[in-house]
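One structure is given below, encoded as structure tokens.
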Amino acid sequence: STMSAKTSSGGEKEASGMRNETLGEAKRRQVIHVAYVIAALDLTLLFMQMGVMPYLAKSLGLDSVGFGYLQTIFGVLQLVGGYIFGRFADQFGARAALILSCASGSIFFLLMSLSTSIPLLFLSRLPGVFMHVIPGAQKVITDVTTPSQRAGALGKLGLCFGVGIIAGSAMGGVLSTKFGIYVPTYVGLVGSLINTLIAMVWIPSQTKPKSDHHMTEHSDLFSIREILRLMKFPGVMEVFIVKVFAGLPIGLFMIMFSIISMDFFGLEAVESGYLMSYFGVLQMVVQGLVVGKLAHHCTEMTLLRLSVIVFAGVGLGMALMRTVWHYCIIAVPLVFAFSMLATITDSILTKAVPSSDTGAMLGICASVQPLTRTVGPTIGGVLYKQFGVSSFGYLQLMVNLGLFVYLLKSKIPLGEMKSQ
């Protein structure tokens with residue numbers, strides 16, 4: 001593996017030159033846009049089912065504890081699947097991976113539309129193991145962009161999140177109240193099938209430049225040794241630690257949010273929905289306008305430190321907030337830090353590993369969120385019950401001050417990564 005690492009860092013330089021020859025400039029732009037469309041549609045459907053899910057579960061007689069289990073199962077499946085999916089993408093190409101993901105989404109919605117009992121509802125979570133459209137789209141973008149364009153192009157995927165949150169939340173509410181609780185699942189099924197077709201028709205089977213191909217050995221899809229090998233590349237482990245822990249306390253807060261918005265802020269379901277849409281709009285603005293612009297002007301290391309410091313400030317704000325209006329103000333730097341951290345760490349990490357391993361690296365990155373979702377409800381519940389809302393803020397503040405010191409102390413070799 002060290003040999004392949006050596007050849008690849010040499011290959012990386014030719015590769016960025018070769019990228020443009022493999023696919024023409026116009027074609028590459030088209031492929032990136034198609035990836036955005038697929039991601040936006042997928043996220044819309046996903047947020048739509050998230051909104052409807054609690055009501056569907058309730059109508060089948062599932063209590064809040066059972067619903068927690070349902071979420072955890074989905075989280076675990078996504079966690080296990082993320083890395084396997086990334087490896088799959090490295091070996092069989094981004095197109096195959098996207099098709100697999102969209103097809104899994106179709107099966108997911110099909111099973112969900114047939115869920116007339118609790119066991120069937122649990123069964124419908126199974127395809128979740130391969131539902132990774134975002135890493136799939138990231139993989140396509142990583143394959144067709146040069147390292148210097150990468151942060152900007154990955155950042156724009158955040159726009160798709162905004163679209164998904166806004167359109168999905170609205171659609172889920174309207175469809176389920178106007179036409180019945182199962183209608184969003186039929187819409188989801190049709191949408192996922194359309195997405196599968198888009199991936200088949202418009203994503204080329206060959207997104208990676210030619211020179212990158214010989215390096216991917218067909219190893220088994222899941223091995224701890226492979227993950228450790230990727231973590232050994234210079235700077236990877238440090239940046240990954242920051243990625244996992246910087247947003248963790250707020251991640252816990254977000255998981256508990258449906259409960260907090262009822263208890264602490266005293267919001268109705270509709271107001272909660274508006275708050276989510278506000279988040280969506282913020283995310284679109286930040287990802288679409290701010291992240292790309294800053295990525296042009298500052299080094300990635302500066303931006304990483306910046307997002308950690310902003311996160312610490314957000315923690316202090318959260319510890320002191322009392323009303324939902326305070327929260328709306330805090331949401332601005334919160335969304336900024338989240339978006340910036342996600343984009344910059346993904347970008348740094350894909351550049352730090354050989355291009356034949358980008359899929360696996362994105363897969364590992366994508367499993368950070370399901371990890372939070374899996375352990376989150378338990379830890380978040382304890383924090384909230386024992387120490388109240390402000391505990392999330394203080395935890396956030398302490399963790400990020402620690403990480404900031406860690407970043408200043410650790411010698412992360414990112415100089416070379418800028419030049420490639």
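Each residue, glycine too, has its Cβ placed from N, Cα and C.
What TrEMBL annotates here:
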- 28-414: domain 'Major facilitator superfamily (MFS) profile' (DOMAIN)
- 34-56: transmembrane segment (TRANSMEM)
- 68-85: transmembrane segment (TRANSMEM)
- 92-112: transmembrane segment (TRANSMEM)
- 157-175: transmembrane segment (TRANSMEM)
- 181-203: transmembrane segment (TRANSMEM)
- 239-260: transmembrane segment (TRANSMEM)
- 272-291: transmembrane segment (TRANSMEM)
- 303-321: transmembrane segment (TRANSMEM)
- 327-349: transmembrane segment (TRANSMEM)
- 389-408: transmembrane segment (TRANSMEM)
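Counted over residue pairs 6 or more apart, the CB atoms of the transmembrane segment (181-203) and the transmembrane segment (34-56) come under 8 Å in at least three pairs, which marks the two as touching.
Relative to the transmembrane segment (303-321), the listed stretch 239-260 leads the set 34-56, 68-85, 239-260, 272-291 in CB pairs under 8 A. Fewer than three CB pairs closer than 8 A are found between the transmembrane segment (327-349) and the transmembrane segment (34-56), and contact between the two stretches is not assigned (pairs 6 or more residues apart). Contact check: the transmembrane segment (389-408) against the transmembrane segment (239-260) gives at least three Cβ pairs closer than 8 Å, residues 6 or more apart, which meets the contact criterion.
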